[in-house]
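S.K.: Below you'll find the structure I mean.
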Amino acid sequence: MTVTLQTCLGMQIIMYPETAKPVRFWAARSWSSGEKEGQAMSSAGVIPGMITCIFSGSVAAFGLYLLSLCAQRAPDRRSSFFAVAQLTFPRAAIFFDAAIATKCFGVSISYLIIIKSLMPSVVASLYHDLTSPDTNPPDWALSGRNWITIFMLVLVPLAFLRHLDSLRHTSYIAMFSVVYLVIIVITCYFDPLEGTTPAGEIHLIHFTPSFVSTFPVQVFAFTCSQNLFPIFNEITTNSQKRMNIVIGSSIGSAILTYEVIAVFGYLTFGSNVGANIIAMYPSTSLFIAVGQLAIVVLILFSYPLQVHPCRNCLDKVFYAATPIKHTSGGDAEDEEVVDDHAGAEMTLFKHTVLTTAIIASGFLVAYFVDDLQMVLSFVGSTGSTTISFILPGLFFWKLSRDDPSVSRTLNRGALALAFYGSCIFVFCLSFNIYQVVKPPTATGDVMH
């Protein structure tokens, strides 16, 4: 469960106040989304911010539920987007995996860039708090490029692991970081640190034009569909009841985490809450400095959770898939398309080559480039919409539309989810194009 929760939480948790198995794969985005939810509350008020958070989590959970139902129809413990696509839209299977691989690769690069930008300030804060304010850290320690190079010594072995379950220990550490950050937000509300930014106005309901720009961040705060199939394949008991518990507990934990950070962050700073809530607390406190380090740890251990699905999807993309047709139910006209490669374990050579290519290319981009915000906004927002809403809806709708055992309401709900995802897709694409044509005065946030 921790992997699921870590994938959700990642960098989103720190951004949620502005928008005001189970756990193992959802934690990767919670802190940054939590901050952004505070901004959502700042732009809409406490009540609308909480409602939209619950709504976004519920819709994401429905998409995961549909994917788990689709996984039950794939070859035993060999489910994947590719395997399900072969049963529904076989000609588009490779394109689906290419889109997912691109999205995961882009997010993995953004994690490295964020680490590179955060580490100099984290080191400076810790150095000053542990020594004296007049003592400066050595120059090499203030270079973000040096730090991502050092961290790659830890990330490379983790990225080469074949199974998500092997990352459970690092996910536990990441979850501890989330808990520590939640403690910071709650503690600083009841006992504000000296030098804390004064609180602005606080509203229960107060819509502003900026709410439109914060809503997509809430929508994508629960993106973790890329790891649903690996979890389904690896979990000991993958019955539908067990998967429902995994999905419910993970998304539920993410919602609770976002809501706590959003509410307490917004109540602490009010309308003055910023896009990065942790940066608003005085860094002169060791308590806060350790919290900044916790964010780095959270993002650091979220990196392998993006490499894993990226590698699996690229494996399908570079495999010359040849659909295998066979009859079903004795009727030669009733054909089902299945690809035996869909869930097969990739060879050691291919595993090594693909992982090396992903890590090396991602590291080089992150090392030499400081800002890929707009590119990643396009890749992340469109890719996340596709794998979280459009594909789950279309997959289940196609698989169940002629199945009398499936509720017509559920089938129509799947189609409605795909339509909802298409609307979000168009909105985010249009919003990103608008930002290109008319850049905002302040730097925005990347949609993942």
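Glycine is treated like the rest: Cβ placed from N, Cα and C.
According to TrEMBL, the protein has these features:
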DOMAIN    40-410  domain 'Amino acid transporter transmembrane'
TRANSMEM  46-71  transmembrane segment
TRANSMEM  140-160  transmembrane segment
TRANSMEM  172-192  transmembrane segment
TRANSMEM  204-224  transmembrane segment
TRANSMEM  245-267  transmembrane segment
TRANSMEM  279-301  transmembrane segment
TRANSMEM  352-369  transmembrane segment
TRANSMEM  375-397  transmembrane segment
TRANSMEM  417-437  transmembrane segment
S.K.: Using Cβ distances below 8 Å and needing 3 or more such pairs, separated by at least 6 in sequence, tell me whether the transmembrane segment (352-369) contacts the transmembrane segment (140-160).
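M.R.: The transmembrane segment (140-160) and the transmembrane segment (352-369): touching, yes.
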S.K.: Considering only the recorded stretches 172-192, 204-224, 245-267, 375-397, state which has the highest number of Cβ pairs under 8 Å to the transmembrane segment (279-301).
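M.R.: Between the candidates 172-192, 204-224, 245-267, 375-397, the best contact partner of the transmembrane segment (279-301) is 172-192.
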S.K.: Examine the transmembrane segment (172-192) against the transmembrane segment (245-267) and state whether at least 3 Cβ pairs sit under 8 A, considering only residue pairs 6 or more apart.
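M.R.: Yes, these stretches are in contact.
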